[in-house]
Amino acid sequence: MAAMYLPGLRLSRHGLRPWCWSPCRSIQTLHVLSGDMSQLPAGVRDFVARSAHLCQPEGIHICDGTEAENTAILALLEEQGLIRKLPKYKNCWLARTDPKDVARVESKTVIVTPSQRDTVPLLAGGARGQLGNWMSPDEFQRAVDERFPGCMQGRIMYVLPFSMGPVGSPLSRIGVQLTDSAYVVASMRIMTRLGTPVLQALGDGDFIKCLHSVGQPLTGHGDPVGQWPCNPEKTLIGHVPDQREIVSFGSGYGGNSLLGKKCFALRIASRLARDEGWLAEHMLILGITNPAGKKRYVAAAFPSACGKTNLAMMRPALPGWKVECVGDDIAWMRFDSEGQLRAINPENGFFGVAPGTSAATNPNAMATIQSNTLFTNVAETSDGGVYWEGIDQPLPPGVTITSWLGKPWKPGDKEPCAHPNSRFCVPARQCPIMDPAWEAPEGVPIDAIIFGGRRPKGVPLVYEAFNWRHGVFVGSAMRSESTAAAEHKGKTIMHDPFAMRPFFGYNFGRYLEHWLSMEGQKGARLPRIFHVNWFRRDEAGRFLWPGFGENARVLDWICRRLEGEDSAQETPIGLVPKEGALDLSGLSAVDTSQLFSIPKDFWEQEVRDIRGYLTEQVNQDLPKEVLAELEALEGRVQKM
């Protein structure tokens, strides 16, 4: 009898125990409601059959990705009371989740490897790890055995073949997700290229196996109408990079259930990238064209809810400049045969944070979400529209608001009307400024990489790294105010290296080594690295920089630096614009002395904090080159 660990896999060389020892049901005994099992590639067919044996769904639906199928899925969700039509817009819908299922759950998200050190660095004595959670194969096996047998009883298992990146691109990868959530089906159809063409492209090739269940088997008459299915007490999101697998249980929320997103496109892909010599990063990609017609592409890494989407869809305040969007969240990058770093956006949609999005902050996002959008946990207006904090739209007379909790709400109420991590899920093609090359199979050429975060004090508006190695250190030292996208509470300054802290698929020390190794790639033309901070405040707590469309002024300076312009001056932390080098024409008074000040006492403390963090969290796995950069920074700050 063949043993298996996860569905479709044999017992591995590491001795991992199987999920079940029972033989799989034959294809003939599976109740297939839509699609043809016999037409699936053998590997996919085996994965589906074994998973069905484990989870025991009522039936199987193989998704073809068609418009007719999508219409039927949305109708089913509406019938179940899980989504409501928003008649103010064309084909827009609102979902409200269980209040316990509203964000990524980092504490229940694990990487499974035989050796703990493959996943996380060895910590300095007694420290609590912040760079990922490891679970042993045996413990993971027990967790799976506890959760998955029979977990889909009474539900449909949907088979979702999907491509991360344009179908057929050499930079793309294929996954197959099995889920018992129709909400996931509707969302994945937006966020990925999904359906029959993906299976045709896959053939007998390799794919990432993704298994998801809301963790609520139906043994009676189904869910009560409108009850969001989830199992928060048993939630677990597991990644098995050696086997290229993802397993998720108990949550229907996007980051936990749309397995192509953070789970595949960052955690698993970062491990693929290390093994294959490329980069999978939490970065937006944008094209920027100056008034003379010169176009450049940049990638930028900010922690969640720090303005990636706003920057990726920016409407430049500088006359004659144009920004076009390739992607707002994830970049897969590889050097081509000419040594040029090229990037694709592996996603097909935007899964954006709604609160704070308005015609003033992101007019292109507002234009994008007027149709074919699935909103989650935003407020609803009585005239069939949506509402959230910062939407900046006056309500017509007599129009009332229902909060994300389904309760009456009015401006001035203590609780927010929309959850801080409420989302819009919308096809990328609807964005009015999508770059013409956003689906180019070869990717777009990246000339600069930008790191950034929310730093209310001490960190200047923009600075350039001295070189690649220094830039890698700058990425490793990133810190930012915490965001709503995870379950952390309150505003604390958190270390978030490369904006990847929750998304590393392997040991962060080895991730740093991988970034450093790019310097040794034959013929590689390394992008310049910059750091930005739109969020510095004055003593009264007011922002020193207007941000949003005015951020084009910083991109202008970056582009001029890429052209070789001598417009930077050296400081202990990097190269900042010379006085007058930043185009501030037409702006009301900006206090550049505060905006670019580098207080010695702040940076002495910053160095101590960075050293403490890297020593504690990365410890013996910290590359000597990164430690040398830290010591060099410390020496420069001491001489200020």
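Placement of Cβ uses the backbone N, Cα and C atoms for every residue, glycine included.
Copied from Swiss-Prot, the annotated features are:
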- 1-32: transit peptide (TRANSIT)
- K88: N6-acetyllysine (MOD_RES)
- R104, G255, N421, R423: phosphoenolpyruvate binding site (BINDING)
- K262, H282, C306, D329: Mn(2+) binding site (BINDING)
- A305, C306, G307, K308, T309, N310, P355, R454, W534, F543, F548, N551: GDP binding site (BINDING)
- K457: N6-succinyllysine (MOD_RES)
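Within 10 Å of the Cβ of T309 (GDP binding site) there are 28 other Cβ atoms, across all protein chains. Local packing around the Cβ, expressed as the count of other Cβ atoms within 10 angstroms, is greatest for W534 among the binding-site residues W534, F548. Using a 10 Å radius centred on the Cβ of D329 (Mn(2+) binding site) and all shown protein chains, the other Cβ atoms total 26. Within the set of binding-site residues R104, G255, C306, D329, R423, the entry lying nearest in space to P355 (GDP binding site) is R423 (CA atoms).
H282 (Mn(2+) binding site) sits 13 Å from G255 (phosphoenolpyruvate binding site), counting Cα to Cα. When secondary structure is read from DSSP and collapsed to three states, R423 (phosphoenolpyruvate binding site) falls in the strand class. Counting only the Cα atoms, the space from K88 (N6-acetyllysine) to R423 (phosphoenolpyruvate binding site) is about 18 angstrom. Look at G307 (GDP binding site): DSSP puts it in coil. In this view, C306 (Mn(2+) binding site) is surrounded by 24 other Cβ atoms within 10 Å of its Cβ, with every protein chain counted. Sequence-distant neighbours of R423 (phosphoenolpyruvate binding site): residues of the same chain at least 6 apart with a C-beta under 8 Å from its C-beta are G254, F351, G352, V353, A354, F375, T376, N377, V378. For F548 (GDP binding site), the spatially nearest entry among the recorded positions R104, G255, K262, C306, K457 is C306, judged by CA separation. Using Cα positions, the member of the binding-site residues R104, G307, N421 nearest to K262 (Mn(2+) binding site) is identified as R104. Around the Cβ of G307 (GDP binding site), the number of neighbouring Cβ atoms within 10 Å comes to 25.
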